[in-house]
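> From TrEMBL, for reference:
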- 201-355: domain 'PROP1-like PPR' (DOMAIN)
- 235-269: repeat 'PPR' (REPEAT)
- 270-304: repeat 'PPR' (REPEAT)
- 339-373: repeat 'PPR' (REPEAT)
- 374-408: repeat 'PPR' (REPEAT)
- 409-443: repeat 'PPR' (REPEAT)
- 689-723: repeat 'PPR' (REPEAT)
- 724-758: repeat 'PPR' (REPEAT)
- 793-827: repeat 'PPR' (REPEAT)
- 828-862: repeat 'PPR' (REPEAT)
- 863-897: repeat 'PPR' (REPEAT)
- 898-932: repeat 'PPR' (REPEAT)
Amino acid sequence: MASLKFSVALESKNPNFTIGSSQLLGQRSISAFTGGYVHITGVYLINPFSNLNRIRVSRANTAVSDDSGSNEVDSSFDCSTKEMGIAGLVLGKGLGFGKKFSKGRRNVWQRVRSVKRVRKDVYFKSTCRGNGSDYCKEQQSKPIVVDEESISGVDVDKVGALSTERCNSILKNLERTNDDSKALKFFEWMRRKGKLKQNVVAYNLALRVVGRARDWDLAEKMILEMTSESGCELNFQVFNTLIYACSKQRRVGLGAKWFRMMLENGVRPNEATFGMLMSLYQKSRNVEEGEFTFSHMRNFGVRCQSAYSSMLTIYTRLDLYDKAEKVICFLREDEVVLNRENWLVLINAYCQQGKLEEAELVLVSMQEAGFSPNIVVYNMLITGYGKVSKMEDAHRLFHNLRAIQIEPDETTYRSMIEGWGRANNYKEAQWYYKELKREGFRPNSSNMYTMINLQAKNGDEGGALTTLEDMITMGCQYSSMLGILLQAYKRYERFDKVPQVLEGSFYEHVLCDQTSCSILAEAYVKHSLVDDAVKILQNKKWKDRGFEDDLYHLLICSCKDMGHFENAIKIYTHMPKSDEKLNLHIICTMIDIYSVMKRFTEAENIYLNLKSSGIALDLITFSVVVRMYIKAGNLKGACLVLETIDKQKNIVPDIYLICDMLRVYQKCGMLDNLRDLYYKLLRSEITWDQEMYKMVINCCARALPIDELSRLFDEMLDRGFDPDTVTFNIVLHVYGRSKLFKKARQVLWMARKRGVADVISYNTLVAVYGQHKYLGNMASIAKKMQFDGFSVSLHAYNSMLDAYGKEGEMEKFRSVLQRLRESGCAADHYTYNIMINIYGEQGWIEEVAEVLMELKESGFGLDLCSYNTLIKAYGIAGMVEDALGLVKEMRKNGIEPDTRTYSNVLTALQRNDMFFEAVKWSLWMKQMGLSPNVCG
């Protein structure tokens, strides 16, 4: 419950009673009456044990007194007698601070009032003597209404004869009519006629009007005018008027401003000042301003009871219990006479902290002070016991109430329900819930929330349905009720029981309300109750195609995010069929789901159906379809989609689609498309980041001129972006292929320095040096590779074998081959093919036979390249028949000969002077569409 807000002011039966440490924290205890905490605002309470009148539990009103008819305005303020309220005290002069009055004693200021009235009567009597008795009666009975027009028609001498008191009376009547414009006009007339000199009352009345109109700048000007022009002495009445207006409007900052101005002008605040300010800070929970004002109150020696209560309440609401304890100590130190509000706030503070024993002692002291406890006190104690889970004490306290002739009220039952709910005692909570309704009271939202949770935990679906009906009777929103129910069954992992609870009128409303329907359907989907979700969507009573599509899309996306792809497909297949425009968001999501499940046929069918429907596809749809074809490995299909996009002039590819286009064109070897896309990208307004540079370099390296690639790579470095290993290796390969070995070595050095060089970096450089016959550099890089901690890879060995072999340096060839075998690296197909090719070029047919045997024993078998190389070797060795036999063996083993195969056969025949056979092969190749001019 929220914090306690009491502003009850009753005279103590013992007006001289003050709180002391022995009374607050004595060793006595009332075990039957212990503490709690309750929030009551604006509730009338009747105490059955006293003769006191009915009291209102709320903050005291702080209306400005209407008794301000003279310059010497009278009032008295005592925070212990708030039944009068602060209203009659704002303009009053204090009687001193801390004084108390006995009942029945006449107030001396009432005698002052009577004297003033006599003076006023004397004035009127003297006027009557000069004008006759009839004139006097007429003037006394006729109301005076003065405005600018009426004033202008009056004789200046007669108007000037009006006394200041009479003008103040007129201004007071105008202020009471709430006609602010006339009041301010008359006030302005008084200024022109010099009626404001030392006239604090007139300024005070005008400040009421200005405060009501919230013209704070004018109010500040009036205060300055009072001291600088009118010769008025500022007092607390002036500032109390403005503070009262701020208090009514809850203007915390302005209230604090007037208080500080009050202090700056040396004006001593009275009890009403502190009472209004502390009440304002309590409502806004402004602890900083509250502490500032409270400190000044104690420094001035003012004892405002409501201010202590407000400060204590602020600390309690903000859980600043240590500071609350200090305020309690101040009550003792300052010997404040406690009223009922103070006692209640003290008990509340201890109950909030769970200090029930201290709360009991305060209750004993309260009774000794002459204040009989009422149901409010016991509600606080019961709630306090519930918060600390001492429900046996709360239960005993509840059943002892009637013994002391106090009837439980609505709050009592509510507190008991909440307490038993915290204790997870469904049986007791249910009993008090039924008693609450039997007594004619209504449960609050917290009670029903507690009951729903207990019923969900204890499996009482029937009880939950009854509670829902009570919530409907209370006028709760259906969406809120549904949320509470779903949350409760989710918390106790019994969500599968929700369909059993949602029956009857409540379920019918869910079907009629879009919000409730979507909440329930989404909850069912999240808990894998897809069939129930589909049932709701099929039985719904509302029609809104746009909202329905959004709901289906939300449910499908929820299934996708949870990885429940089959559930997403089930929801999609149960969507209502319509001839209306297809929802592209749903289509894209389903294509993506089918792609993740590798069901590319279904994904493509959705796309083809969408394409045939004639609906214009947007950028997102095209992007999803391209990504689907890439995942499926169908690069041809992706290219067709990209061609369609290129024809759509209204579609501008975004950064994500551009990246997909680069990948597709690279994998398809479409260098022209890559080049065109690159230059379009340069002209676009897309901001290039690090990833963009890497993507373009990786994909477009073979398509761009070497100068442009070099410029792009340097630009990337100049902008402070870091290439990754792949980018470095690609640039290495391009520089090496272009014989820019100096730049290649610089790139390798940068990669090493940045720590991103890998085996492939060295392999790349070894390969390009070997391909261009820079054998010394090749060997140097291989040694550098080992020096930098990398083992020479199989790829490097293969590159060196190929380079040395083709240059005829067979000793180095054998040395590399020996190092390969010693390194433990297993030879691959490429290694064996190199050896067959080199040995064949040398005409070493025996070595070729050994390699062939080793290849077969390794389990690899011959591939297309092996057959082509072997045919070439046999041709060089003059073994034409064996070469022709290999062609038959290839076909037998399911390997289809390619153009190079036939070219090698043709070359072998020509080399061995078998021209007739060569012509036959050449004619056959022409018939088969193969070029006989291609030779290996």
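Just so you know, glycine gets a Cβ as well, placed from its N, Cα and C.
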> What residues elsewhere in the chain lie close to the repeat 'PPR' (863-897), defined as a C-beta under 8 angstroms and at least 6 residues from its ends?
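Tertiary neighbours of the repeat 'PPR' (863-897) are 829, 832-833, 836-837, 839-841, 843, 845, 848, 852, 855, 904-905, 907-909, 911-912, 914, 936.
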> Counting each residue once, how many in the repeat 'PPR' (339-373) are helix, strand and coil under DSSP?
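Breakdown, helix to coil: 26 helix, 0 strand, 9 coil.
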> For the repeat 'PPR' (270-304), give the DSSP counts of helix residues, strand residues and coil residues.
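Taking the repeat 'PPR' (270-304) as a whole: 27 helix, 0 strand, 8 coil.
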> What is the pLDDT of the repeat 'PPR' (270-304) when averaged and given as a whole number?
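Mean pLDDT, the repeat 'PPR' (270-304): 92.
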> Which residue counts does DSSP give the repeat 'PPR' (863-897) for helix, strand and coil?
26 helix, 0 strand, 9 coil
> By Cβ distance under 8 Å, which residues at least 6 away from the ends of the repeat 'PPR' (793-827) in the same chain are close to it?
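Distal contacts: 759-760, 762-763, 766-767, 769-771, 773, 775, 778-779, 782, 785, 834-835, 837-838, 841-842, 858.
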